[in-house]
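Notes for the one structure printed next.
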Amino acid sequence: MSILAGMKKIWDKLREGYLQEMCQELGWIYRYARRYRGQIALYIALGLLAAGLGLGGSLLSRTLTTAVVGAHRAWGEVAALAAGYVLLGLVALGLSALNSRISTKVNLKIQNEMQADVFRRFLQADWSALQAFHSGDLLSRVTGDVGTVAGSVFGLLPSLVIRLFQFSACLILILWYDPVMALLALLSAPVTLLFSRALMGRMREHQKRVRGANAQLMAFHEEALQNMQAIKAFDLTGRFTAREGEEQACWREASLDFNRFSILTSSLMSLMGQAVSYTCLAWGVYRLWTGYIDLALMVMFLQLAGQLSAGFSALVGLVPGAISATVAARRILAVLDLPREPEVAPTLARRVERMAAAGRGKGLTLRLDRVSFRYAPDRPVLEEVSLLARPGELVALAGASGEGKTTLLRVLLGLIRPQGGTAILQAPGEEDLPVSACTRPLFAYVPQEKAAFSGTIAESLRLLRPDADDQMLEEALRTACAYEFVSRLPQGIHTPLGEQGAGLSEGQNQRLSIARALLRDAPVLLLDEATSALDAETEARVLRNLLTGQGGRTCIVTSHRPTVFAMADRVYQIREGRVEEGPC
Ligand SMILES: Nc1ncnc2c1ncn2[C@@H]1O[C@H](COP(=O)(O)OP(=O)(O)OP(=O)(O)O)[C@@H](O)[C@H]1O
C-alpha cells in the first residue's frame, strides 16, 4: 500500500462518525462566511502580520541583547533598538484592535443573516413538524445557538491559519538556529493527536448536554412568564420557584461536568505545552553552558519558546470553540432540515386567485369526502368525515371537548394533511380546488386561543390588510360588535395593546380577532370557539352580522352552545371520529 493510500485510509477513519458530522457543520458555517471573504482575508493578513511582528521582536531581542552585553556597547544603538522593539509591540497592539473591530462587524452581520434564515425557516416549516419543539427550545436555537455559531466564524478557520503560521514560523526559526531544539518542541505533537480524537468525542457529548439543559431552562422560563396569571391565581409561586431550582441544578450540573472535563483536558494540554517549553529551556541552558550558543541567542530562544508554547495553547484552545460551534450548528441544522410547506406554483396561485374572485361577496362551497386523520398511528381523530358548507351558509361543528373540531379546521387550513379522503373548494365555473397550505388565502381564521399582537388596535387589525383605511377598520369593528367598546377607549383605534391583548377582556379580544379576520375579506370564515367568551346576546348579534353584513361568505364555526346551533343552517356532530349531520 502506498503512503498516500495509507494516509487517505487514516484520514477516512478520522472523519468517521462525529468528525464527519463536524465537517458538515463547519462546511455549513463557512457557507455564511463566504460572502465576507474579503474581510476574512484582511483579518488573516493582519493576524499574520501581527504574528510576524512578534517573531521580528524575538529576533530583535537577540540583537538588543548583543548590543547591551557585547564588547562594543553603543548606547545610541541600544536606545534605537529598544525603541524599535517597543514600536513593534505597539503596532501589533493596533493590528489586534483593528482585527477585533473587523471580526465584530462581520460577526454581527452573519448573526443577523443566520437569525433571519432560521426565523424564516420557522415560518416556512411544516406545522406538524414544528410541533415537536418547545417554543423555548426554538428561542434558544434562534438566539443562543445562532450567536455561538456566528461568533465562531473568525474564531475557527482564520484563527487556525494565524496560529498555525505563528507556531510553524516559530518552529522554523528554532530549526534554523538549533534543529535539536525544534525536534524537542515537536515531541508533543503525536501525543496530542492521539488524545484529541477521544477527547473531542466526549467534549461534544458534554456540549450537547449543556446546550440541551440550557434550552430546557429557557423553555421553562418562557412558559412560566406566559402563564404568570395562572401561577399567581393557583398560588404556585413556591412550586415554580422550586421547579426553577431543579431546572437550574440540571443545567449547572451539566455545565460543571463540562467545566471539569475542560479543565482536565486543557490542563493536560497545557502540561504538554509547558513540558515542551521547559525541555527547550533546559536544552538551551545546556547549549549555553557548553558554549555552543551565546547569551543573546539564549534570550531569543526564551522568547521563541514562550511564543511556541502560547501558539500551541492557542491551537489547542480552538478545539473547544470548534466543538461548541459545531454542536450549536447541529441544533440549528435540525430546524433548517425540518420539512417545509410546499411552495405555491404560479399556476396554482392563479387558480387560487380566480377562486377568491369567484367567492368574493358570496362564499365558496366546501366539500369534505371521507376525510381521515390521525396525529399518531394508533390514535385516529377523524374517520371518514364528510361534510358540506355552501356559500352564505353558517355551518356549525359540535362535539364534546377533544373530539376533533379544531383538528378539522386544521385540515381546512392545510396545517395538517389528511391520511385519507378529499377536501375540495368549489365555485361555479371554476375547476374543483383541493384544500392545501396553498389555498389558505381563501380562508380567514379566528383561533380558539388568543392570537393578539402588541401594537395599537389599528396596527393589529391592519396585520391582515395593511392598506385598510380607518373607515374599513370601523366597518369591520362594527360587524364584530367591537366598535362600541373601541370607540369608548380614550385613544380609540389608536389605543396601544399590551402583550397578548393585555388591557382588554377575553370577549373584547375575541371580537377584535373577528374584526381582523373580516378585514382579510376571504370567502370562507372559520371560527374556532371564537365567540365562547361573549354573552349569548352579543354572540348572536356577531353571528347575524357575519351572515347578513356586507360581503357574504361561507362560515364554519365550532361551538358548544345550543344558541349557535340554532342559528346554523346545518350542524355536524363529531363523535368518536365520525361525523353525523343533524340536531345535537
Ligand atoms: N398537535 C397535536 N398532536 C397530537 N394530538 C393532538 C394534537 N392536537 C390535538 N390532538 C388530539 O386530537 C384530539 C382532538 O383534538 P381537538 O383539539 O381537535 O379537539 P376539539 O374537539 O377541538 O376539542 P375542544 O372542544 O376541547 O377544543 C384530542 O384527543 C387531542 O388530544
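Glycine too: its Cβ is placed from the backbone N, Cα and C atoms.
Predicted automatically and left uncurated, TrEMBL annotations should be read as such.
Quick look at what TrEMBL annotates:
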TRANSMEM  40-60  transmembrane segment
DOMAIN    41-324  domain 'ABC transmembrane type-1'
TRANSMEM  80-99  transmembrane segment
TRANSMEM  160-177  transmembrane segment
TRANSMEM  183-200  transmembrane segment
TRANSMEM  268-289  transmembrane segment
TRANSMEM  295-323  transmembrane segment
DOMAIN    366-583  domain 'ABC transporter'
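Distant neighbours of the transmembrane segment (160-177): 44, 47-48, 50-52, 54-55, 58-59, 185-186, 280, 293, 297, 300-301, 304-305, 307-308, 310-312, 314-315, 318; these residues of the same chain sit at least 6 beyond its ends, with a Cβ under 8 Å from one of its Cβ atoms.
Packing against the transmembrane segment (80-99) from elsewhere in the chain are residues 43, 46-47, 49-50, 53-54, 56-57, 60-61, 63-64, 67: each is 6 or more residues past its ends and has a CB under 8 Å from a CB in it.
Looking only at the domain 'ABC transporter' (366-583), the predicted model's pLDDT averages out at 89.
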